[in-house]
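To start, the structure itself, in structure tokens.
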Ligand code: PMT
């Protein structure tokens, strides 16, 4: 995920511990990926690992010190501060020696001391020769680390630096970062289900406005962004209802209540009747602003009356977000705005929409061909009800969803 600008949440603090293995060079990619995402990265190499990648490289990549010893810092309690502040520690490559030390609670350098003092999630990425990996001593140590709640990313089978082939190869930086993201997501707010008791709804998908029994006016929304918001909310313990407009139910996370609302009027009536029971509403659905003035019972046939064309009269649909926000002031309303144009125009249109709709926040996404609708990624700027930009985020739709849920969670948790 790329957090482009974030006035809502501080950057995550990641400690990257580097062990003395040939795979240390690959960890430069891990550091780069985290720093690019806006995270604050601190590299703590072991002394022996500097034989593979030197201190200068780590300092240049992370923009901070790369101490190896407890007494390298100013205070001698650097490890306690670093461990207390970290959101995640990832150790890669985790050598057999390092794994054994962590299992035994040995604190002989800055990395092992920091791990011993840590309360945040710890990701261990072993890399070593197959014989060492399969040795019962290593397997026993790994089992103990897992039992203690550490997250182990098993090595891959492949070519090893010794020329042998087998299990023990360190996964690529992308796979390590993805694993870390999953651990971080699970552990948001210290792993607490901080939205337990919060009742949230999400409108998702694209409405279809019937013309006759076989035709409708629709749009390209797949419901993916709404499903991702539903998932991000359920991960944190919220009780989630999805008002679904023509989406594949298979994309929704388990445990959510699904109410089908295929047209704008269906969605409007349902949301209006139950919104009072909720604390939070995400209005992600692409709702048609107009519907045909008439809904024919029978298929409209070609006839002499429409031989030269057919002028379909449209009438305005109610604005679900605006009316819900005004009728239920207690509800935290989070809207979306799909806009076309250049980046500056999109932001201006979105800001105007935020002021008009009465939502607490509006996430503005630029849409177009292969952008926004139906894609797996998204890029949004969030403005508050006054039109002030508070966050920009890009990534998979789930990563975007988690960032948006983070923004509102702080307020809902405070309220509860
Ligand atoms: O579903 P995907 O394929 O994953 O695509 C996601 C998305 C692009 C549809 C989504 O990210 C998005 O932008 N949703 C809002 C689309 C939209 O209808 O925008 P709008 O600018 O027309 O509407 C602004 C807000 O008012 C939205 O929150 C919308 O739900 C709401 N609205 C609009 C019209 C209406 N009659 N009632 C409403 O409540």
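Glycine is treated like the rest: Cβ placed from N, Cα and C.
The annotation CTP binding site is assigned in TrEMBL to 289, 299, 318, 319, 320, 321, 336, 353, 357. Reduced to three states, the DSSP call for residue 336 (CTP binding site) is strand.
What TrEMBL lists as domain 'Flavoprotein' is 13-180.
What TrEMBL records for 195-409 is domain 'DNA/pantothenate metabolism flavoprotein C-terminal'. For the domain 'DNA/pantothenate metabolism flavoprotein C-terminal' (195-409), the mean pLDDT of the prediction comes to 94.
Annotated region 'Phosphopantothenoylcysteine decarboxylase' per TrEMBL: 1-199, in sequence order.
Annotated region 'Phosphopantothenate--cysteine ligase' per TrEMBL: 200-416, in sequence order.
DSSP assigns residue 318 (CTP binding site) to coil, not to a helix or a strand.
Just so you know, the Cβ of residue 336 (CTP binding site) picks up 28 other Cβ atoms within 10 Å once every protein chain is counted.
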